[in-house]
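Taken straight from Swiss-Prot:
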- H155, D157, H232: Fe cation binding site (BINDING)
Amino acid sequence: MDKKYAAARLLPPIDASYQPARSVTKIPATSSLEEILEVLERDGGVILTDFVPKETMDKIDEELEPYTKTIPDSDSYDDFIGKKTLVIAGLISKSDTLANILDTNETIDKLLKIILEERYPAVFEGHTEELVIDPLLSISMAFHVGQGSPRQALHRDDMVFSSKHHPNMKINEVDGFSCFIAGSNVTRENGGTMVILGSHKWEHDRRGRPDEVSFLEMERGSAFIFLSTMAHGAGYNTIPGEIRKIMNLVFCRGTLRQEENQFLCNPRSKVLKMSPKMQTLLGFKKPAGTWLGMVDNDDPAKDLPAIYEKIMQ
């Protein structure tokens, strides 16, 4: 990365006197899909309270504990995260409990189908077929944000896909969405993510401004679902000795390249034990009727053990 951009990606905190005009909407995780979609359509993001029970969060903490010993001291993501934030990558292979949440959560499953599932007509000489391409898990990672970790420049996550935006984009036109799960209480003071409500419907070239942001504040176990078109950025943690913990599951369309190489970051022993649904999310299954992801002209998910055996020779 050109070093002239490094300083522009990590910034000082927003003045403490600034007060947002709006707060991020919170609704129970048990809310209907219609209620969740209504807020997503309007604001671009919504907090779902009590998304993960306390006992389950405790189990995730226990599973991730071995990976928290590394002292963050490198410029992760080309100076886009900062030296005082620990990043735990490949999260679903490090926490079976989190992987199970992804495998079994009906809300995430329904949102994936509505927002990111591709259904389109394929036109042949004498007929037309409807093809379906399943969404993918783009990346799974945890952030442990320490005191003094700077705020990120406001940005949109779908920039990694070279996505283009236009005013009033429909929810099923976006290229991705994220699910933040709070591993600790999240406040403005400990660096709660800055979000600009409504920015998911901006024109492509509009830049977010600090005087437009609201702050993500939620309790441990809550989740924040937001579209990849929403302008946001990590906040500045000002509290000595306090770590803000966020687990991030990012999803994308099945026609896009995943941000994290799921084929290499998930151990074979883990993948072979996963459900067909999880293998599909990672990209190991060829979408029915299409030709994406073939191995030897066939669907690798038909016999993954044999495929692994062959490539390990």
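Glycine is treated like the rest: Cβ placed from N, Cα and C.
Under DSSP, D157 (Fe cation binding site) is assigned to a helix (H, G or I) in the three-state scheme. Cβ neighbours within 10 Å of H155 (Fe cation binding site), excluding its own Cβ and spanning all shown chains: 15. Cβ proximity to the Fe cation site centre (mean Cβ of H155, D157, H232, cutoff 8 Å) flags the following additional same-chain residues: Q152, L154, R156, M159, S228, M230, A231, G233. Sequence-distant neighbours of D157 (Fe cation binding site) (same chain, six or more apart, CB under 8 Å from its CB) are G176, S178, S228, M230, H232, V250, listed in sequence order. DSSP assigns H232 (Fe cation binding site) to a strand in the three-state reduction.
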